[in-house]
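Q: If you scroll down you'll find the structure; I have some questions about it.
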Amino acid sequence: MEFLKMHGLGNDFVVVDEIKNQNLVNKNLSDLAKKICDRRFGIGADGLVLLLPSEKADFKMRIINSDGSEAEMCGNAIRCVARYYVEKYNPAKKQLEVETLAGIIKPEVLENNMVRVDMGRPILKPQEIPVAVEEEPVNIPLEVLGQKFYFTAVSMGNPHAVIFVDSLAKIELEKYGPLIETHPLFPRKTNVEFVEILSPAKVKVFVWERGAGATLACGTGASAVVVAGRILGHLQEDVEVVLPGGSLFINWVFGESVYMTGPAEIVFKGEYFL
């Protein structure tokens, strides 16, 4: 099986093109992703990403996390597959439509390996995120291991709990991340973002991804952070989101789509023996 190793700010993926040859159609993708993503016994990645034929878009993207679970959407992965598709199939076409479990996502391939993505409008209704609260899911108290946090829940096609803190230096991500991810308030689990505000135009973020753990970057997470920060009155429309792997640039006007801009890098290509 031929593959590409790609990453968006260190959030890395094994990318497999199944558009013309569906070699994996009868494979257990959950088991395969666990093996491929293992950093000692496999290739090593945060997820396995497949490009598949689509009847309603340029192609379909599926993302299987390193734990074998399937994600609805991934902002870093969508940038990677958009760059790959344009370079492989249609260099003249810069604006794409990609079918995902979160709906049709619209990336635009720019110069210098940058990709701008229309992430769609954020979902803010509790039952649609989903989060088990009756009220608007803004600044909701949550206690884990005796530590009280306040989260704002946002869905960018996948659920996020955004937590603003005074300093990220005090946050033990590996300690609190998995407990918040699996908290009963989140029926489908959740991604978790801890956020330190540097200015109305710049934030620093640690990410705990549902199904992948601590990652160097998260595109939907960066988008959710800016949405939550705007709702709370902390942030302006254009924000640089500084992640461990680098910066993403997010734009959100109330009532409109969120736009994310960031890099997509090809590291190497190879063959994996099934």
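Each Cβ is built from the backbone N, Cα and C atoms, and glycine gets one as well.
According to Swiss-Prot, the feature substrate binding site maps to Asn11, Asn65, Gly75, Asn76, Asn158, Asn191, Glu209, Arg210, Gly219, Thr220. The annotation active site, proton donor is assigned in Swiss-Prot to Cys74. What Swiss-Prot lists as active site, proton acceptor is Cys218, and the listing cites sequence analysis.
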Q: Cβ-Cβ under 8 Å from Gly75 (substrate binding site), same chain, 6 or more residues apart: which ones?
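A: Spatial neighbours, sequence-distant, of Gly75 (substrate binding site): Gly8, Val117, Met119, Met156, Cys218, Gly219, Thr220, Gly221, Ala222, Ser223, Leu248, Met260, Gly262.
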Q: Between the Cα atoms of Glu209 (substrate binding site) and the residue listed as 'active site, proton donor', what distance do you get, rounded to the nearest Å?
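A: Counting only the Cα atoms, the answer is 10 Å.
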Q: I want to check the contact list for Asn158 (substrate binding site): same chain, sequence separation of six or more, C-beta distance under 8 angstroms. What comes out?
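A: Asn158 (substrate binding site) has long-range Cβ partners Ala71, Glu72, Met73, Cys74, Ala102, Asn191, Arg210, Thr220.
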Q: Only counting partners 6 or more residues apart, tell me which same-chain residues put their Cβ under 8 Å from the Cβ of Asn11 (substrate binding site).
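A: The answer is Asp46, Cys74, Asn76, Ala77, Thr215, Leu216, Ala217, Cys218, Gly219, Gly245.
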Q: Residues near the substrate site, Asn11, Asn65, Gly75, Asn76, Asn158, Asn191, Glu209, Arg210, Gly219, Thr220 excluded, by Cβ within 8 Å of the Cβ center?
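A: Close Cβ neighbours, site residues excluded: Ala71, Met73, Cys74, Ala77, Val207, Ala212, Thr215, Cys218, Gly221.
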Q: So, in DSSP terms, is Asn158 (substrate binding site) helix, strand, or coil?
A: coil
Q: Helix, strand or coil: which one is Asn11 (substrate binding site) in, per DSSP?
A: strand
